[in-house]
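Student: Before I ask anything, let me first share the structure, which is written out below as structure tokens.
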Amino acid sequence: MQTTSSKPPNMPHELPVSTATTTTSTDPKKLTLIPLIFIIYFEVAGGPYGEEPAVQAAGPLFAILGFLIFPFIWSIPEALITAELSTAFPGNGGFVIWAERAFGPFWGSLMGTFKFLSGVINIAAFPVLCIDYMKRLLPALESGLPRYFAIFGSTLCLSFLNYTGLTIVGFAAVVLAVVSLLPFVLMSLIALPKIQPHRWISLGQKGVEKDWNLFFNTLFWNLNFWDSVSTLAGEVENPQKTYPKALLVSVIFTCLAYLFPLLAVTGSLSVDQSEWDAGFMAQAAGMIAGKWLKIFLEFGAVLSAIGLYEAQLSSSAFQLLGMADIGSLPMFFGLRSKWFNTPWVGILLTTLISLGVSNFNFTDIISSANFLYSLSMLLEFAAFIWLRRKLPMMKRPYRVPLRLPGLVMMCLIPSGFLIVIMAIATKTVYLVSGIMTVAGIGWYFLMKLAKSKKLLKFNVGGLEEIDQVRVVGHS
């Protein structure tokens, strides 16, 4: 069965059909392997910018061990699950489809709430992080109206760039990654003769209390959101083959991008532990190579923040479109731009909410995003295990090579870490997350009422359409 490449822009439920065909032709509007690798990279990391608080919280040794070990207990399992379920259900709903297929529409809607809100909170951090680097060059951005207008203006400009198309975002991600990582490569090479390996085993300064809350949240924030790319499955050329390859390469690439600069700086510099706040890498570059590299790295930080914002805004916006595809949200949320075919409603809504939370401090943003994401990931692990048990014979183009007991063990370890992250959260984070959860439950019943009373137009039967497409695509 073949489908035509021309699609009306306001019929997003047709989108998964194009991803499931077996045609060998390439749609120029679809994401291919290389752009997808770098979009995943920016979904998760965007470079070593932001890893500094791990050293401030627990010292060099724990920071190095954290970025060395954490990918094995968290990033790889999450990436494997994303590869299996994204190829089995190649629709823009992503993790919402997984939860709904496993446990029903209520849990699918709640998954959508957790993921969307955590994603939006995460997105809000990137203009803030960008301005934190820029204020080192422009002290006027430290506080007050100049800082507010800088965050506001940069957010609007970046959202407009996202509106111009996912293909543009994909190729821009490649350029942004190369340029933003180049100063770290130069810094690591220049630092080599200055490295003293004994500094790597330092437990931190005497008398400085470990801040495990900040430490684990920093690790988690820097190495999560691997599944965010699942909401772009409807926009990827041949997702059944492309996703596993892209996730494998991006996991390796991301982990190395964190470790090498961290080893270079902690090994070559001896500075007060309190200096390792967000943005310290730029100071380190100046100490190691001079002001020119400091400025280059700060410029790279701005580019990295752009890439992070663009990639994660795309995922959040397409998540709303995907939820409209399957009938979880009104069809209005699935409207696409007539000019760029992008989900303009999702982009606009995500931008407005991110602006609303951008006045939080950087630590609060990380903690709130992590708590909501932890709730969603516990649900995602459960959905993954249950779908293996519920639908053991379902065609999976990529299958994690473990039986059910092995999968349970694979998910238990990161689940334990999630519980730790949630247990050490502050009262403010508990309160905010509780309010958002209640709001998500209320939203589900509001949508259910609107659907039953026909107050709004929904794509009834959208999930069944995606299932039919999946079967056709695998035949």
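Any Cβ shown, glycine's included, is placed from N, Cα and C.
Not my notes, these are from TrEMBL:
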- 1-26: region 'Disordered' (REGION)
- 31-50: transmembrane segment (TRANSMEM)
- 57-76: transmembrane segment (TRANSMEM)
- 114-133: transmembrane segment (TRANSMEM)
- 145-163: transmembrane segment (TRANSMEM)
- 169-193: transmembrane segment (TRANSMEM)
- 246-271: transmembrane segment (TRANSMEM)
- 292-311: transmembrane segment (TRANSMEM)
- 317-335: transmembrane segment (TRANSMEM)
- 342-362: transmembrane segment (TRANSMEM)
- 368-387: transmembrane segment (TRANSMEM)
- 407-424: transmembrane segment (TRANSMEM)
- 430-447: transmembrane segment (TRANSMEM)
Student: Of the stretches 31-50, 57-76, 145-163, 342-362, 430-447, which racks up the most C-beta pairs under 8 Å with the transmembrane segment (114-133)?
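Tutor: Answer is 342-362, with the largest number of Cβ pairs below 8 Å.
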Student: Taking the transmembrane segment (145-163) as the reference, which of 31-50, 246-271, 342-362, 368-387, 407-424 gives the largest number of Cβ pairs under 8 angstroms?
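Tutor: Checked against 31-50, 246-271, 342-362, 368-387, 407-424; highest Cβ contact count belongs to 342-362.
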Student: Does the structure show the transmembrane segment (430-447) and the transmembrane segment (368-387) touching, where I'm treating 3 or more Cβ pairs under 8 angstroms (sequence separation 6 or more) as a contact?
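Tutor: Contact between the transmembrane segment (368-387) and the transmembrane segment (430-447): present, because at least 3 Cβ pairs are under 8 Å.
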Student: Same-chain Cβ contacts of the transmembrane segment (317-335) under 8 Å, 6 or more residues past its ends?
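Tutor: Contacts of the transmembrane segment (317-335) (Cβ under 8 Å, skipping residues fewer than 6 from its ends): 10, 12-13, 15-16, 91-94, 96-97, 100, 105, 108-109, 112, 115-116, 119, 162, 166, 231-232, 234-235, 342-347, 349-350, 447, 450-451, 456-463, 466.
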Student: Take the C-beta pairs under 8 A between the transmembrane segment (368-387) and each of 169-193, 246-271, 292-311, 407-424. Which stretch has the highest count?
Tutor: 407-424
Student: If you count every Cβ pair below 8 Å, which range out of 31-50, 169-193, 407-424 shares the most with the transmembrane segment (292-311)?
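Tutor: Answer, by Cβ pair count: 169-193.
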Student: Mind checking which residues of the chain, 6+ beyond the ends of the transmembrane segment (169-193), have their Cβ under 8 Å from one of its Cβ atoms?
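Tutor: Contacts of the transmembrane segment (169-193) (Cβ under 8 Å, skipping residues fewer than 6 from its ends): 31-32, 34-36, 38-39, 41-42, 46-49, 161-162, 257, 260-261, 263-265, 267-268, 281, 284-285, 288-289, 293, 296-297, 299-301, 303-304, 306-307, 310-311, 314.
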